[in-house]
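Let me begin by presenting the structure, written as structure tokens, before commenting on it.
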Amino acid sequence: MSGLTVSIRGRNGAFAIEAGFAAEGGVTALFGHSGAGKTTLLKMIAGTLRPENGRIAVGDFTLFDAQKGINLPPEKRRIGYVFQDARLFAYMSVKRNLTYARWAGHRPATRSFDEVVALLGIGHLLDRRPSTLSGGERQRVAIGRALLSDPALLLLDEPLSSLDHARRQEILPFIERLRDESHVPIVYVSHEIDEVARLADQIVLLSAGRVTASGAAADIFPLIDAESEGGGVLLEGIVSAYDERYKLAEIDLGGASFQLSDAGLKQTMHVRLRVRARDVSIARKIPEAISIRNLLPVTVTGIERGEGPNAHVFLDFRGRRLGARLTRRSVDDLGLSVGDQVVALVKAVSVDRAAIREK
């Protein structure tokens, strides 16, 4: 088994969908606004909705092939499905919910019960009923049940959408552990940018039933930012130095570097940085006596002016893309044009803590 390959066309009532992408492993996020076709696509992968033509496969395991007449029923696809609501058996204990999944899978176990329980931190919940669990706990149990069915692929359909912010923060580290330790490809449906930034290895953008872009998270994430105040770019790096006196970490981005204050970082840690366009300003030259630590020499690669007061300036920083959201007045006052060499002032950098990995 390996990654997921999808190339299909079909309909869900009057809604038409045409999707093609390949995901090598890790977490593939299906991202788009409500009604973009994310759940419809997930149903076609799961086998509860039949495409009109095309092919779906996990590695060399074919789930659907219209040309060859293959359309495996859902129970034969080796897919674990986690919904927005946990859908646990209310009359069963947590332990029985989990062991039922193993029985229903009808396959030899590749993961032990204890391994899955430890991975998701649910050992203390085994004797309880679903009605006594918090929303985050129920979703962790639902993920455990899906994992114990020995899936070749996990489909998570907005699993955090019914949870408040605190519960989301509670469960995200467990989904990250699942990504890093289970070795099962995951398709993760969401319209929350923060979740995608934190979890995704690959991103598939959907709009009106069509894939508009797909690829590595760092490459696709800037496309989300063009439409949202909350987006930005993702930069992968390694902590190359740490100043104990000032609690400043230096992040090596492959020839370039960032400085940020974070007492939890240590040398050799791999981290994912998120730089939002709203946190980037532009100057014609390096300012004197300024508190901002990250002053980066960049090249203007594009300017997108909206009808409102703002403009988006696309920047290149040693082969890495950045963006700055400025007012149109600022763009005109600076006289910016494509090809200009300017300085990006990065006012804030966030570290996606789940993306921190010690090597």
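For all residues, glycine too, the Cβ spot is worked out from N, Cα and C.
These features come from Swiss-Prot:
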DOMAIN    1-233  domain 'ABC transporter'
BINDING   G32, H33, S34, G35, A36, G37, K38, T39  ATP binding site
DOMAIN    289-355  domain 'Mop'
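Around the Cβ of G35 (ATP binding site), a 10 Å sphere holds 14 further Cβ atoms from the protein chains shown. DSSP assigns G32 (ATP binding site) to coil in the three-state reduction, placing it in neither a helix nor a strand. When pLDDT values are averaged over the domain 'Mop' (289-355), the model yields 88.
Around H33 (ATP binding site), taking its Cβ as the centre, 11 other Cβ atoms fall within 10 Å, counting all chains. The number of other Cβ atoms within 10 Å of the Cβ belonging to K38 (ATP binding site), over all protein chains shown, comes to 25.
Across the domain 'Mop' (289-355), DSSP classifies residues as 10 helix, 36 strand, 21 coil. G37 (ATP binding site) carries neither a helix nor a strand DSSP state and counts as coil. The C-beta environment of A36 (ATP binding site), restricted to residues of the same chain at least 6 apart in sequence and closer than 8 Å, consists of H191, L206, S207, A208, G209. Same-chain neighbours of the ATP site beyond G32, H33, S34, G35, A36, G37, K38, T39, judged by a C-beta within 8 angstroms of the site's C-beta center, are, in sequence order, H191, L206, S207.
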